[in-house]
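Visitor: Mind having a look at this structure? Questions to follow.
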Amino acid sequence: MKTLYSLRRFYPVETLFNGTLALAGRDQETTGFAWWAGNARLINLSGKLLGAHVAHAGLIVFWAGAMNLFEVAHFVPEKPMYEQGLILLPHLATLGWGVGPGGEVIDTFPYFVSGVLHLISSAVLGFGGIYHALLGPETLEESFPFFGYVWKDRNKMTTILGIHLILLGVGAFLLVFKALYFGGVYDTWAPGGGDVRKITNLTLSPSVIFGYLLKSPFGGEGWIVSVDDLEDIIGGHVWLGFICILGGIWHILTKPFAWARRAFVWSGEAYLSYSLGALSIFGFIACCFVWFNNTAYPSEFYGPTGPEASQAQAFTFLVRDQRLGANVGSAQGPTGLGKYLMRSPTGEVIFGGETMRFWDLRAPWLEPLRGPNGLDLSRLKKDIQPWQERRSAEYMTHAPLGSLNSVGGVATEINAVNYVSPRSWLATSHFVLGFFLFVGHLWHAGRARAAAAGFEKGIDRDFEPVLSMTPLN
């Protein structure tokens, strides 16, 4: 393939400590990158880069399948999922597979099928990755022009963007079809403590769906993370699916406008930086979603949220002391505020004590006890159901607190338990990965902009001390 620009001009900073080492004929002299820079050597070899990406997809899908089967093999149906360190089975259960009323697992076979399907898929992807990395054409432009590309070809790049958007839209609709037609999904808000149901009455009103985007991200509002019914979640996926597919068709049929051609840097590294920036945002949003949202991430599978565990503790002791004769409506706590119940500044009746800061929690085990002005005293006295007591006691003792060595509970607790909530793991991992992706975004954006401007920040490698030293080997 004809190289459109000098690699040496664009990528002058990477150097080998030992210039004689070449790997598979792709040495630093011809690519501008040393062996350890991995796929950077394949920037202009579209066929080999395809192999690297397909092989990477194979590794991802292999992990999903293997980890899925590992979790199935270790799964004990009598214990809650969140007590067993599972992170994949809760996702499958949320999609309505293998669970019944109250989130009880009634069939693990769908989980086994999921693991096997992913393993088989990974074998296909692995073969494709090895084929394109080792045997297939180095570049696709000559033999398969539809799959070939040049990074500077703005029209081709937006066509590829369009194809990706259409695939994302199809993915959004897969969830919609599962919820509407193929067995439904798990709804933690179903009466009596959650159940799998088909979502029939979708929310398609743009004012509701896009209203989430206009909300404040702070307490009581919570931006899109505040979504608390499945009709809105599935309806939102209908909107997303249509937007992605229509946007994809638009990008395939059009060329970038002049303002876009001027505004963006059009190089492989620039596209990498845009992608890393987007993934970083996804990571931060996912972190907040799994930490605070108990509708998309039902507490039956992921364990309670932090606020939920705290409110569950207040509720559990209210139930106990009320049975022992306490008047929970008027009992005073050590601070002079209500011991069990108090009023918020806006007048709602909320739980008293330290958990007052989590007054805006909504959870399916608690909402039936609310009236028009917050918690309803008469319902608390007469209407508490056994399943609500059991669930709050369970959630009280499974707060999403814990350390890396799997010792759960409050840091000052002497009777520590071997429990860390999947919410802790998933929120922390997505925050950390989101942060690293953001750093990668800044790094590659800076390099891409510098290269486009015709200069490169970095050490002047011609006079680097290590070049005058004896090679290690």
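Here the Cβ of each residue, glycine as well, is placed from N, Cα and C on the backbone.
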Visitor: From the ranges 24-45, 134-155, 332-353, 354-375, pick the one that Swiss-Prot records as transmembrane segment.
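Guide: Range annotated as transmembrane segment by Swiss-Prot: 134-155.
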Visitor: Can you dig out which of the ranges 178-200, 385-407, 408-430 Swiss-Prot describes as transmembrane segment?
Guide: 178-200
Visitor: Could you give the residue numbers and ranges of same-chain residues that sit at least 6 residues beyond the transmembrane segment (134-155) on either side and whose C-beta is under 8 angstroms from one of its C-beta atoms?
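Guide: That would be 1, 4-5, 43-48, 50-51, 255-256, 261, 266-268, 271.
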Visitor: Take the transmembrane segment (69-93) and find every residue of the same chain, 6 or more past its ends, with a Cβ under 8 Å from one of its Cβ atoms.
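Guide: Non-local partners: 99, 103-105, 108, 110-112, 114-116, 119, 186, 297-303, 394, 398, 419-423, 425-426.
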Visitor: Using a Cβ-Cβ cut-off under 8 angstroms and a sequence gap of six or more, which residues of the chain neighbour Glu367 ([CaMn4O5] cluster binding site)?
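Guide: Once residues fewer than 6 apart are set aside, Glu367 ([CaMn4O5] cluster binding site) is near Trp189.
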